[in-house]
Amino acid sequence: MAGLLSTFDTFSSRRSESINKSGGGAVIPGQRSTVSVFVLGPSVTDDADKLFIATTFLAHSLDTDKQHSQRGGFLVSLLAMAYSSPELYLTTNGVNADVKYVIYNIEKDPKRTKTDGFIVKTRDMEYERTTEWLFGPMVNKSPLFQGQRDAADPDTLLQTYGYPACLGAIIVQVWIVLVKAITSSAGLRKGFFNRLEAFRQDGTVKGALVFTGETVEGIGSVMRSQQSLVSLMVETLVTMNTARSDLTTLEKNIQIVGNYIRDAGLASFMNTIKYGVETKMAALTLSNLRPDINKLRSLIDTYLSKGPRAPFICILKDPVHGEFAPGNYPALWSYAMGVAVVQNKAMQQYVTGRTYLDMEMFLLGQAVAKDAESKISSALEDELGVTDTAKERLRHHLANLSGGDGAYHKPTGGGAIEVALDNADIDLETEAHADQDARGWGGESGERWARQVSGGHFVTLHGAERLEEETNDEDVSDIERRIAMRLAERRQGILQPMEMKAAITVWITTKMTMPQQ
């Protein structure tokens, strides 16, 4: 029997391993698009020229008349300016199945009178039309930087702070846009400026070089459409984290920004490990959690097999990233969220109202986390030399802290119906309930079933299953009728009264105002 159980325990991991591993066969390359990237040649030495080219790249990346692939190419050109060898940077980090980068050099010819003396060329030939296209007149629909609105002079900044600091300010902001475009695209502007504040306070980004809101939105739209650009930036982070130690100040700032996108899209997976497994509470021994624990073990193996790219599997759209969704281990995730909302107040704002939430496990997690005995780690008792007296006093303090908080937290957000918990035991067979009329209200029970909260009115149902969400077309009397019907069904034997030990109240929020009784 032990061998049989062992086989079942390892099935999930072996199954994932067989799916993810290559089965051999011929490698057939896919179609790749060509993206032009411009790098500075050795003849461009003046810092003012370099900053001008950087702002030119930025302006082209915001030109809505160009294709997104071209705009992405200009952002790549801008990012490559941070390195003394842009070609090596692209060779190391730019290998991509979707695009092929074609590199053009920008040189400065003092004899040229047009295009500010710049010329686009390769080893074999010069590209006059491309030069005109790149350095010709442009009509910016909005300023690139907030300093342009304040009549600030970038040349003054260049003389004061130097070219590396000015270029670094621009590139760091591009990276911040990447972070917010991926993690919170709906609030891109607000998120960008909130994240930027720390870099403004430490002087990394000067006020005159702060992007305008239009610039932020323009760069964000390109990043959301160009996965190859996102992949290049992620590979840049991986290279800096693993292959080098002599990082420049700009690269260190990029690493700081990059930390915000580590494990992006994996919050549920990480929180399940943190609150569901690492707390090491006795509830993990439940048999109905065992399949999810095996699944989580398999996912951990998959995560570790990805090496330094593991924190970015969602950003890189790795085919396995969907396996990490909490719907694949709902019971364990629900239990972990129950523990989390008790142990960490910030987690009470986390969206737990998912359709796959296991309410029983969610309540169990809260109950276990509230239990003073469960809060004491027996594994550390001997290591720390904790005496029995100290443990007893600790239990006493924990009981005092949590003694007045008997309420359970309800799931928040999401598309699921919000559920609140009530500790009171309710006897459905009392005479008052038996005499309820078709409206479902009876004497004192009316106060129990409906209440006014924060100026809004909620109709509540004790011990109910999921109800259809009410709309503006449903009137209050119809809602009450539905409640009465459900209560009548339960009195007929669907739920026995003595089994109603944990009262579950489903709050159906109505958008209309309930008439006052």
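Backbone N, Cα and C define each Cβ position, glycine as well.
What you are looking at is a predicted structure, and each value in this text was computed from that prediction instead of being measured.
Annotation comment: Swiss-Prot describes Lys180, Lys190, Arg195, Tyr260, Tyr350, Arg354 as RNA binding site, evidence class similarity to another entry. Around the Cβ of Arg354 (RNA binding site), the number of neighbouring Cβ atoms within 10 Å comes to 20.
Per Swiss-Prot, region 'Ncore' is recorded for 1-404, and the stated evidence type is similarity to another entry.
Positions annotated as region 'Ntail' by Swiss-Prot: 405-517.
The feature region 'Homomultimerization' is assigned by Swiss-Prot to 440-461, with similarity to another entry given as support.
If you look up Swiss-Prot, you'll see 462-471 marked as region 'Interaction with the phosphoprotein'.
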Residue among binding-site residues Lys180, Lys190, Arg195 with least C-beta crowding, 10 angstrom cut-off: Lys190
Cα-Cα distance, maximum over Lys180, Lys190, Arg195, Tyr260, Tyr350, Arg354, record's RNA binders, Å: 29
Other CB atoms, at most 10 A from the CB of Tyr260 (RNA binding site): 15
CB contacts for Tyr350 (RNA binding site) [other CB atoms within 10 A, all chains]: 17
